[in-house]
Amino acid sequence: MKRPIVLIAVILAMFVSAVEATIVTTAMPSIAASFGSFSRYSWVFSSYLLMSTVSVLIYGKLADVYGRKTIFNIGMTIFLIGSLLAGFATTFEQLTMYRLIQGLGAGALSPIASTIVGDIYTMEERAKIQGYLSSVWGISAVLGPALGGLLVQYFSWHYVFWVNVPLGILAMLGITLFLKEEVKPKRVAIDYQGALLSTLVLSLFILWIVEGGQSFERFSFIGSLMLVLAILFLCLFIRIEKRAIDPIVPMNIWRNPLILYANIVSLLTGIILMAISSYLPTYVTGLMGEHALIAGFTLTAMSIGWPIASTISGHLLVRYGPFTTSLTGGISLAVGAGLFVTMTPTSGPIWAGFGSFWIGVGMGLTSTAFLVAIQNSVPYALRGSATASNMFMRNFGNTMGAALFGAVLNRSIMHYFQKLGSEGTIDEMNVLLTHESRKTLDDTTLRLLQNVLEQAMFVVFMGVLIIVIICFYFIFKIPRGKVVAHDSE
């Protein structure tokens with residue numbers, strides 16, 4: 001086995017999976033102009049997010065049963081078919097369908113790529129290599145919009161999807177030709193009921209989170225019905241999984257306190273990541289008056305802190321264990337959140353960049369430490385499922401973060417408009433986001449809008465700080481000491 005080539009293939013797979021979730025953001029105006037409509041605009045994002053999240057746990061289980069290589073290649077093939085078709089879409093309806101296919105394949109890529117690293121490297125090596133992978137994931141997700149902008153500007157929006165094809169093929173070749181694994185044939189009772197119910201639960205809940213407040217009110221009849229059905233299906237799913245001979249989600253891994261609390265913190269850090277990624281640029285452009293390029297640089301600071309911390313995380317994990325490493329990450333997140341809470345429009349983009357940097361450091365320390373510790377705490381036969389559980393919680397946190405803080409920001413804006421006796425609307429905030437549109441405002445209106453946005457953004461950043469504090473509660477429940485590695489099959 002040529003591990004360096006396998007590692008390159010794994011990095012490519014991680015890159016295309018992570019970047020595809022965000023690369024579309026800067027291409028959407030061009031896509032909308034090409035289609036001549038904004039119909040189903042949000043579904044281009046939601047469809048990919050939905051399928052990539054709901055399929056993660058299933059792929060993790062299948063990789064444990066049928067081998068990493070087979071399931072990885074199936075997932076990558078589905079992903080590339082979806083990417084190719086998405087570039088040829090001529091309507092939003094077609095693009096949404098092809099993004100569903102993309103997401104269905106993407107659900108296999110990150111968890112199985114990380115599982116492969118867990119298989120072919122020892123505990124000491126694993127900590128360092130997973131740090132590199134965590135860096136790739138973080139940098140790809142943060143830099144996706146910039147890459148999308150370059151492709152749209154110099155080529156066309158179609159290449160936002162087509163760029164995946166050559167990279168994905170190279171990743172498949174690397175895994176197929178150079179990954180050697182011995183899959184022991186075994187008869188298993190496929191948990192079809194568990195797979196179906198988990199898909200229903202997650203689909204309903206994610207749709208309720210993502211589309212609630214846009215396509216329907218979350219607590220309207222339709223929204224309430226979706227939530228009730230999701231809870232009922234969840235109860236049924238847990239009951240079936242406890243009785244299943246070979247459950248799609250092995251409940252015993254969730255009884256491990258390290259896995260349970262590491263995954264809860266991963267969910268919370270996923271929420272934090274999406275909150276900062278979504279709304280820091282709004283603060284820098286709308287309140288500091290900077291161009292979008294400068295706002296992008298403040299977010300890029302996160303992708304500098306992330307890989308530095310991921311590399312350090314591996315060494316800390318081996319020497320001190322997951323508790324100390326994740327506690328250090330939590331402190332870094334607290335520093336970043338504190339900088340954002342105390343930030344004012346006159347603080348400048350450098351202040352915002354420092355806050356972003358420390359959030360990146362916290363993400364790098366926690367994500368790497370948790371993933372490696374989880375892989376070390378389970379045997380080979382459960383490593384795929386355990387890895388997928390962590391990936392799922394992080395992805396689910398991203399989904400919740402976008403919806404949660406979107407609702408917080410919108411409600412805060414309307415609250416402060418009413419408090420100031422204004423009849424302003426949320427849409428009026430759009431004029432603050434470019435220099436050209438701000439010039440059309442008189443001084444009184446400009447000050448009013450910026451005052452409302454500043455107070456609303458303070459609420460968002462306070463929300464981030466509160467979630468960081470909650471993270472500490474669960475970090476202190478993580479077992480102390482080092483994790484004993486299960487490197488045997």
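Backbone N, Cα and C atoms are what each Cβ position is placed from, and that goes for glycine too.
Within the set 325-344, 425-444, the record from TrEMBL flags 325-344 under the feature transmembrane segment. Sequence-distant residue pairs (6 or more apart) of the transmembrane segment (216-238) and the transmembrane segment (258-280) include fewer than 3 whose Cβ atoms are under 8 Å, leaving the two stretches without contact. Outside the transmembrane segment (133-155) by six or more residues, the chain places 10-11, 14-15, 18-27, 30, 110, 113-114, 117, 163, 273, 277, 296, 299-300, 302-303, 306-307, 310-311, 313, 360, 363-364, 367-368, 371 with a CB less than 8 A from a CB of the stretch.
Annotation: stretch 41-59 has the most Cβ pairs under 8 Å to the transmembrane segment (101-121), among 41-59, 191-210, 292-318.
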